[in-house]
Amino acid sequence: MTQAVFNFCAGPAMLPASVMKQAQAEMLDWQGQGVSVMEMSHRSKPYMQMAAEAEQDLRDLMAIPSNYKVLFLHGGGRGQFAGIPLNLSRSADSADYLLSGQWSRGALAEGEKYLHCKVAGEPNLIDGKVALPPQSALNINPDAAYFHYCPNETIEGVEFSYIPDAGHVPVVADMSSTILSQPLDVSRFGVIYAGAQKNIGPSGLSVVIVREDLIGNARQETPSILDYGLAVKHDSMYNTPPTYAWYLAGLVFKWLKSNGGLTEMAKVNRAKADTLYRFIDGSDFYRNNVDDNCRSKMNVPFQLADDNLDSKFLELSDAAGLKALKGHRIVGGMRASIYNAMPLSGVQALVDFMADFEKKFG
Ligand SMILES: *Cc1c(COP(=O)(O)O)cnc(C)c1O
């Protein structure tokens, strides 16, 4: 028997095994069509049906209110770094950006090309650990065109435990690495967007959930493929959508539905994160540098007591079937990304390996 492999890659990340098997089984002949779903027109009846069903499944999963549109667009997460200012502001406007790590910084840098961006808050240190600002520390400008933040920073492994309140200013959230990981009150947001390759499906697709009153005001120079109004008018098929990614996302949504939806995901994700953090906190050999209240349930960075052992750790974990644990260079050390598709048994295997490694080298 080949050994089990658990893939901890931050993105593109692992997908549920049953989804991959179904995709494999129908790769060459989708729904008796005699061709692959990736070889057929996005305007054909079976494809359009599948696409509409995927949207409905996502609406059901997230309980998306009827005054929100769901768009399936190109360009991943970063595409929306430009899409947001172009659709939601004029160049004379200003917008608030809450900084929490690399991705929100990236969004700010892109936003600055299009309008004046103000920093609404930044992380600080509590007892030497990275902490996110509480609502009371946020500097929100009531005249801002929008308020942008990243609920879960994939690189630093920090996650907001609350949804910021920006009054009547629309809250825009980059949920690339946290969407679908737990139930969410969508009505608190103006726009939610996510690159697909962490918790939705393959890369290339971005899902945008946008409140209706924010649609139809794109700047004149907005590239057509980023224009929410055009996307709505054409059911996300103004140009050829990333058809295969959309199809796979649809399979993932069905997998989520048949596994208890987001309530069940939240339970499993909580159990996975608790297992890993508890082990790290109980060890003198491993550490995590994030304040307890801001720890990510999706991305867990950790460091070894001696970073000279990093390469040994990576070599041996890889050989043990625990893949892609190398941390982002900004943070150093390791990072275990444990999105929806990662089973608890994968986290348990990682913890067992870590205990064993500590015994040998600690
Ligand atoms: C991965 C990621 C992105 C970037 O997505 P791309 O599809 O590569 O543009 C943006 N934001 C967050 C939070 C991410 O995790």
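Yeah, the Cβs are placed from backbone N, Cα and C, and that goes for glycine too.
Please treat TrEMBL annotations as automatic predictions, because they have not gone through curation.
Bear in mind that the values here come from a model prediction, so they are computed numbers and not experimental data.
Feature annotation from TrEMBL assigns domain 'Aminotransferase class V' to 5-350. For ARG43, the entry in TrEMBL reads L-glutamate binding site. The pyridoxal 5'-phosphate binding site annotation in TrEMBL covers GLY77, ARG78, TRP103, THR154, ASP174, GLN197, ASN239, THR240. Under the heading N6-(pyridoxal phosphate)lysine, TrEMBL lists LYS198.
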Seminar exercise, completed: binding-site residues GLY77, ARG78, ASP174, ASN239: those with Cβ under 6 Å from an atom of ligand 1 are GLY77, ARG78, ASP174
For this session: Can you check how the pLDDT averages out over the domain 'Aminotransferase class V' (5-350)?
Result: 97
For this session: Sort out the sequence-distant neighbours of THR154 (pyridoxal 5'-phosphate binding site) for me: same chain, 6+ apart, CB within less than 8 Å of its CB, listed by position.
Result: ALA10, GLY11, GLY101, GLN102, TRP103, SER176, SER177, LYS198, SER296, MET298, ASN299, SER337
Exercise. For ASP174 (pyridoxal 5'-phosphate binding site), which DSSP three-state class applies?
Worked result: strand
Seminar exercise, completed: Taking only the CA atoms, the spacing between GLY77 (pyridoxal 5'-phosphate binding site) and the residue listed as 'L-glutamate binding site', expressed in whole angstrom, is 25
Seminar exercise, completed: Here the recorded positions are ARG43, LYS198; the one whose Cβ sees the most other Cβ atoms within 10 Å is LYS198
Exercise. At the level of the C-alpha atoms, what whole-angstrom distance separates ARG43 (L-glutamate binding site) and GLN197 (pyridoxal 5'-phosphate binding site)?
Worked result: 24
Exercise. So which of the binding-site residues is most packed in, judged by how many other Cβ atoms lie within 10 Å of its Cβ, out of GLN197, ASN239, THR240?
Worked result: GLN197
